[in-house]
Structures are given as structure tokens and as C-alpha cells.
């Protein structure tokens, strides 16, 4: 069993890639599950609805989890996974089960993504493609969950891809660093992100925009940042940036 996490903006060719890879491996006798996020979204709406994206994501993660618990050789997690934290969620599902995982990043230009989106049967709004493209966080090998990443500039299933998958995608959570993380820096990340959180909630309260749901989402985001970013300055920048996106989406429905 192994987990292959696909990532790339809408229109990068992930689903075509996944289908071709699954077909080739099945011909060799592999038991492959292709978990296609867009197909799951099709059960939730007839036309793209950003308000249901969180529900779609939860359904996608649950489907991947179910497949990882089955007797299979490969699970392909096919979604944009445009934030690093989204790929981390999937890696943790594999790690919990002691299943090796790897990432295929389909690096694609915006013009190509927009053209392919227009050509697909049920295109998503162009502004959504542009927004996700602008927000996309490419995998970085210094993150333990992105250590085994294959970057492709086209969506062909090449010998390089097959070798990457068949090698076992051997990735383990890294050993503890020789230099332990300074506890004071961890505490500073917590304190400073709490300060930013308080500042944001005061601002929202003054404008009458503070809601319980928005507070919950910002709290979840802050906990995610605290658990994954060690540098206080970087943590504050990341939290501010992501928090503003969450606020815009909640207040204006930008999804």
C-alpha cells in the first residue's frame, strides 16, 4: 500500500494523469483506487458552489481514509491540494497507518490552466482558477510531508513517474534534529499569533462582522500555523495572510 498525493492548480491535468496512471498500473495487476475530488463535488452540486467546498474537502479526506484502510496497492488522492497544509493532512493519514506516500506536482502555466478549464465539460468560474493559482503553495522538500515530491511540467505518465511510484515512495517522518527546536521560539509563535488573533477579532467586532463560525475558523487556522511553523516572524506573516483570506471568504463568499 502507498499513497500518491497529486497537487496542482485547476486545469493542470491531474485527473487525466491519475486515470492514465491507474490504467497502466492495473494492467500490471495493481489494485488502485483513484479518489477524484471533482467527481465527489459532483454529488454535492450541479454548478460550482464555494459554500460547499469545506463539505467536499471533508468527503474527499474521508474517501481517501477509507481506501487506505482497504486491501489496495495504491491510493491516488486527486485534488488541487493548493495549500501545503492540505498535503500535510493527507500525509498524516498515511503516517497514521505507516503507509509510504509521495507527491506529484503538476507545474502548469496560468494560460494553460485557463484554456483547459474552458475546454472541460463543467468548467469552474475563471476567477476561481485565477485565485487558486495565485494562492498555490508549491511543495518544498524541507517540509517532512513534502520530502518525496516529483515535479512534472506535463501530465504524461512517463517512465520516471512509474519508477517513482513503483519504488515505494519511501518517506518517513524525519528523525529529530540534532538541534532541538528552542521552546522559547515555540512559545513566541503561540503568543504572537494569539495577539494577531485578538487584533483581528477586535477589528471584526468593531465592524459588526464577528461571528462564531468565523472565530472558529480563525482559531483552527492559528492552531495549524502554531503546529507547523517554527519561526515567529514567518508564523505571524503566514497567519495574517491566511486569516485575511478566511475573513474575505466568510464575509463575501469568495470561496
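Placement of Cβ uses the backbone N, Cα and C atoms for every residue, glycine included.
On a predicted model such as this, the values are computed, not experimentally measured, just so you know.
Annotated ATP binding site per Swiss-Prot: 8, 9, 10, 11, 12, 13, 14, 15, in sequence order, evidence recorded as sequence analysis. In the three-state DSSP scheme, residue 15 (ATP binding site) is classed as helix. Sequence-distant neighbours of residue 15 (ATP binding site) (same chain, six or more apart, CB under 8 Å from its CB) are 36, 38, 78, listed in sequence order.
Taking the centre of the Cβ atoms of 8, 9, 10, 11, 12, 13, 14, 15 as the ATP site, the nearby residues of that chain (Cβ within 8 Å, site residues left out) are 80, 106, 108, 113, 116, 155. Its Cβ taken as reference, residue 14 (ATP binding site) is surrounded by 27 other Cβ atoms within 10 Å in the chains shown. Take the binding-site residues 8, 9, 10, 11, 13: by the count of other Cβ atoms within 10 Å of each Cβ, the lowest one is 13.
Counted within 10 Å of its Cβ, the other Cβ atoms near residue 12 (ATP binding site) come to 26, all protein chains included.
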